[in-house]
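Have a look at the structure below, then the notes.
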Amino acid sequence: MGLQAVESVKVGAWGIRSLIRRKQVDSDNVRSSHQHHQLAKELSILHLIAVGVGSTIGAGVYILVGTVAREHSGPALSISFLIAGIAAALSAFCYAELASRCPSAGSAYHYSYICVGEGVAWLVGWALILEYTIGGSAVARGISPNLALLFGGDGSLPFFIARQHIPGLDVTVDPCAAILVLVVTGLLCVGIKESTVAQGIVTTLNVCAMFFVIIAGGYLGFKTGWVGYELPTGYFPFGVDGMLAGSATVFFAYIGFDTVASTAEEVKNPQRDLPLGIGAALSICCGLYMLVSIVIVGLVPYYALDPDTPISSAFASHGMQWAAYVITIGAVTALCSTLMGSLLPQPRILMAMARDGLLPPFFFEVNKKSLVPVKSTVATGICAALLAFVMDVSQLAGMVSVGTLLAFTMVAISVLILRYVPPDEVPLPPAFHGSIDSVPYQLPCSSNKILGDNSSESISSAKDAAPLLLDKAVPTVGFPLLDQKIAQVISNDESRRKIAGWTIMLTCVGVLILASSASAVWLPSTLRYTLCGVGGALLLFGLVVLTCIDQDDARHTFGHTGGFICPFVPLLPIICILINVYLLVNLGGGTWARVSVWLFTGALVYAFYGRSHSSLRHAIYVPIAHADEIYRTSTNDAV
């Protein structure tokens, strides 16, 4: 009878269930099946700060201050950086909770797989692969022009590493970029601790260059009277709207702290160090950005800033032409550090996806000596080096943002799911199916719904479970803010989970409608405002309902406990979702056309390989309360 129950709940190979199956947080039982593919736990909080700061502060800040100040913010540039930093912190809070609760390789892909489902997790992982590959190649292509400035300008690099144009193919190759990618790849293969120490050294040089800008620029500012702030146009020459537009632009300067989450499996004390590492890295970056912008827009009026070399030209206007060398060194070290940060996460995401069966086993093999996924790292490095060598990927830079913003959005949604409808079932691998019939399935007597002792009845009930709208029992909750009639309807635990799940879904739909209609300036005003009203109403409805409904008590025991808890739920994750979806919608039609080709390719890979090779394809879902007992029974039988 047990075998028949097993067969009755296997996920259909071609059914929609393959898209919504969810995996378990990596407990000791899960890790034991991958004991030969575990990464080394070598990282401390200082390593994480080095990774976070190094991956976030790129050379773009040396250019961004001029462009944004001239076109959007004016002297209020520092406020734009502050607002963007606060917006990034919303995602950081969500990352911090999930990273400490689910400390495994894979970052947003891993969290989406646990909380949302396999289909969404695949798209997130596939988008992140695109982000890190193109991002690393674009960063590498930007290093050689900056190196040339140190040697006297364009064409001053040695012939064998200088850019060369091939007329027949109309291609400009960049040997320097390819060599640097391969060098960084080799460094990453040595070991996670060694590579993060090297990144820390390079990041320190970059931070020192920024401190030079702040200190020397501050001295010049006090000496000259901060002429950039003594303007008749005031502090907000483009108004508050311009300042907010500047915030949307500089928001992307904070992308990179999520790299810290990708190293979660290699952190010695993830519950403590991951939240501190993410928070400290983001705080340091925000502080440096604001200080640099305060100094630069004070030295030179915003309209006189050079959009290409704003910092160097600001110092040159005060007779410090030699400062350009220090700033160029800072830009080069920033690019090198960002290159390391771009190449570090991708092998771990490939490893996590291969570990789950969605990619070939080639990618999850870990070197026994260095405890690093060497094959994945080498494959990543070769692809990035080839792209950097033969292709100028600057026109594809917008595609990098899609992966990041999509990941930020799904992490915020995962926090809502974790708090209100956390998974109450776990997948049982085929190796443990023989122990199912020996364990009685009886939920606690305090629950409103009791499952029968017969295992087949219990397992069959799992067949109808959906990832977001789970139909299981949880402790009864009260609703003091709702009237008595509504409270009676949703006081039932099963109904509360359904209502919470549907509310989360409707909230996401409302966010999408609101962000899309607000950005569609080509729509007739009446239709546009109507759609904005509908989207805003759905969003507000979701916020009110989730605020009134108590969060699921199972959240306290979900995953690894004792880590960071995201504050102001559901308000904070919903605002995070709204910001990221708005930025996604505004990336442009050309970017989305190119990304759609990549995502469609990924859908084909999943349909013809990942779906049928998933480690969950034969899994049976059992209540969490009985999973440990099944593992113990299986272990005892083996002994």
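Our numbering is plain: 1 for the first residue shown, then up by one each step along the chain.
Each residue, glycine too, has its Cβ placed from N, Cα and C.
As written in TrEMBL, here are the features:
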- 77-96: transmembrane segment (TRANSMEM)
- 108-129: transmembrane segment (TRANSMEM)
- 172-192: transmembrane segment (TRANSMEM)
- 204-222: transmembrane segment (TRANSMEM)
- 234-257: transmembrane segment (TRANSMEM)
- 322-344: transmembrane segment (TRANSMEM)
- 372-390: transmembrane segment (TRANSMEM)
- 396-418: transmembrane segment (TRANSMEM)
- 499-522: transmembrane segment (TRANSMEM)
- 528-549: transmembrane segment (TRANSMEM)
- 561-585: transmembrane segment (TRANSMEM)
- 564-614: domain 'Cationic amino acid transporter C-terminal' (DOMAIN)
- 591-609: transmembrane segment (TRANSMEM)
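Taking DSSP states H, G and I as helix and E and B as strand, the domain 'Cationic amino acid transporter C-terminal' (564-614) has 40 helix, 0 strand, 11 coil. Counting Cβ pairs closer than 8 Å to the transmembrane segment (561-585), the top stretch among 322-344, 396-418, 499-522 is 396-418. When each of 234-257, 322-344, 372-390, 396-418, 499-522 is scored by its Cβ pairs under 8 Å to the transmembrane segment (591-609), the top-ranked stretch turns out to be 396-418.
Against the transmembrane segment (499-522), stretch 528-549 has more CB pairs under 8 A than any other of 372-390, 396-418, 528-549.
Each of 234-257, 322-344, 396-418 was scored by its Cβ pairs under 8 Å to the transmembrane segment (77-96), and the highest score goes to 234-257.
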